[in-house]
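The structure under discussion appears below in the form of structure tokens.
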Amino acid sequence: MRLARTALLGAVALGLGIAVSGVVPAMAENGPGVTDTEIKIGHIGPYSGPASAYGTIGKTIGAYFDKVNAEGGINGRKINFISYDDGYSPPKTVEQARKLVESDEVLLIFQSLGTATNTAIQKYMNAKKVPQLFVATGATKWGMPEKYHWTMGWQPNYQSEGRIYAAYILQNYPDAKIGVLYQNDDYGKDLLGGLKEGLGDKTGMIVAEAPYETSDPTIDSQIVNLKASGADLVIDIATPKFAAQAIRKIGETGWNPVQIVNNVSQSVGGVLKPAGFENAKGVLSTGYLKDPTDPNWKDDQSFKDWSAFMDEYYPDGDRSSSFTVYGYSVAQTLEQVLRQAGDDLSRENVMAQAANLKDFVMPMALPGIVVNTSPTDYFPIQQMQMMRFNGERWEMFGPVIEGSGGN
Amino acid sequence: MPSTLAARFKSLRQIPAKPREVPLSWSRIALIAGLVLAVTLPFVVKNFVIFQLTMVLIYAIAILGLNMLTGFNGQFSLGHSAFYAIGAYTTAILMEIYGFDFYLTIPVAALICFAFGFLFGLPALRLEAIYLALATFALAAATPQILKSTPLSPWTGGVQGIYVLKPDPPFGLPVNSDQWLYFLTLGIGLVLAVIARNLIDSRSGRAIIAIRDNPIAARAMGVDIALYKTLVFGVSALYAGIAGSLSAVVVQFVAPDSFTFVLAIALFVGLVIGGVGSIPGAVIGGLFLVFVPNFAEEISKGLAGAVYGAILILVIYAMPSGAAGLVRMLVAKLAGRSR
């Protein structure tokens, strides 16, 4: 006992010494993780677990920064992209975020993926005043600058996506009986909420709602229930694995409803191919990025650039997957923010520049879609276009629709 | 047939609870060294490492509870994530909705989990071995859905989960909140380990082990099997609940997706790695759960799960009776040689 007490005292003394020496702050103009030659960027994504299909996004971003570095970096600084796996589990996200902020000392965390996982670290990031930039989730709650100054989304939010579907259905299928398959979490309920809001007093058109959990092995029984409800229009609010299952199951049961699959699951390689092209023919969705399998873009310069990038920096990547286009475009958005920040790479200025994007054109976004933010508008992308899968690729139709912001 | 009974009893007593006892001096030195290390570490490592170490201790507490059930009483559970979740949600709800002080929520969480565990132990009495494993697994699989369900969402926050504020160190102690939570967890863990040891070494402990080794003989000796089995289930759930309660403030967030069956399996893995029937082994199990996945990820991002699996197989192959068994064997060999 005496030994332990001596050790404790020694340890306290040692610890205090270290604490004092560590407290003296370095008053440089740049934030942590920035030197004259390097910018450290943190990333958290699911490389394992139920949502591991999204791992492609992190890999694409890493490959894109390899390209940026090979071309001389940003204002002479190379990007050091540190990406960790959280398996889509919130406690692990907290651990990895703390590792990035406190041990790796990154300038910011970029594109952390998932709604529950980002919720778990949002308060921590804002208390530490570390940018949680362009999170990979379309929840509407990432655009609340007055409450969470340090958190910003990127993709069109789920609520406006739901409203766009509602508008489309009201106009084209006013007599539809709608069945909704949705993931029983923030994301699923957010999109469903937008849909109901858009339907307004026509919410009665929804004849069946079938929730599923990410832990479910299959969603066959949900599909059977939807079919039994007599619905003739199905909306799949589902992540890639489940969307693929849904499209396949609907095809196999010989049911032939109008089918809308939400934007997160529009990947041809990741969803429609495993679902079977014969089953996926005629499926509707919305888009904001160019589909790499669409031959219309064959001679498009931005497509050629993307293609060259894939060849050189991510040759193993799935060229038919929208995730590689997503990763490429979001990385370009961050590149733009860092270029705008110039040599003032403090966390404050990075956040200020992220909220100061004006008509920024991402080469792989659909024509007419631009990125705009302001200190009160934390929704970078707010436009989408309807599209239809013709059995081989997506075909855009109709105008670019402005989904008005969040709440 | 009193003579047969006596013979059975005798053979029962000859089966030791632990196969080979580590010489006392060795184990004491190891314990003191471990404690000194545990107390010193938080002053020399970064805050996030302290956070990881706190998670190690939290998992160790839950594994310890599972160990009492599986290791000493021979009842399987693949559902301890449920009790862990109940503990975590009890603390989160009491703190954030009813404004309780964090420290008061720990005993409440412990009691609630004890009650749940005891009640679940009643039907579990009718299930043997793998059937019990399956029933508890169902509990683990149901937990996230129940937490998300609409009737409970005014309290659980549904899919959104609940934020929990980290308590500041009391009495103006010169430590930061990460260090404070670490020491609090360490203290609670030590108390729980001592209680577990004393319980196992007691008359009740012998009854608990006898039920595992030979239930018929135990019943013949007058052990109330039903009572002991349900009580052990309750105590085991209580440990898991305390672990969950601590995790709520350490992670500062509870959500249904934090308590999936993956957690239940993880606790079971920790139990086997640490050593079934070993109290200090729980810490090894906790270390494995926190650090090995990170290590696997460093080897290969794309194959992290496969690498983890390979490590798991290697570890089981290298130490079939867990870390505690390996240490015991090495020490016994060393001691044998030095003689």
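Positions of Cβ are set from backbone N, Cα and C atoms, glycine also.
Predicted automatically and left uncurated, TrEMBL annotations should be read as such.
For reference, TrEMBL has these:
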TRANSMEM  B:21-43  transmembrane segment
TRANSMEM  B:49-69  transmembrane segment
TRANSMEM  B:81-98  transmembrane segment
TRANSMEM  B:104-122  transmembrane segment
TRANSMEM  B:129-147  transmembrane segment
TRANSMEM  B:180-200  transmembrane segment
TRANSMEM  B:231-255  transmembrane segment
TRANSMEM  B:261-291  transmembrane segment
TRANSMEM  B:303-320  transmembrane segment
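Between the transmembrane segment (B:81-98) and the stretches B:21-43, B:49-69, B:104-122, B:231-255, it is B:231-255 that has the most C-beta pairs under 8 angstroms. When Cβ distances are compared across the two stretches, the transmembrane segment (B:104-122) makes contact with the transmembrane segment (B:231-255), since 3 or more pairs at least 6 residues apart fall below 8 angstroms.
Long-range contacts of the transmembrane segment (B:129-147) within the same chain, counting only residues at least 6 positions beyond its ends with a Cβ under 8 Å from a Cβ of the stretch, are 75-82, 85, 89, 120, 123, 156, 256-257, 259-261, 263-264.
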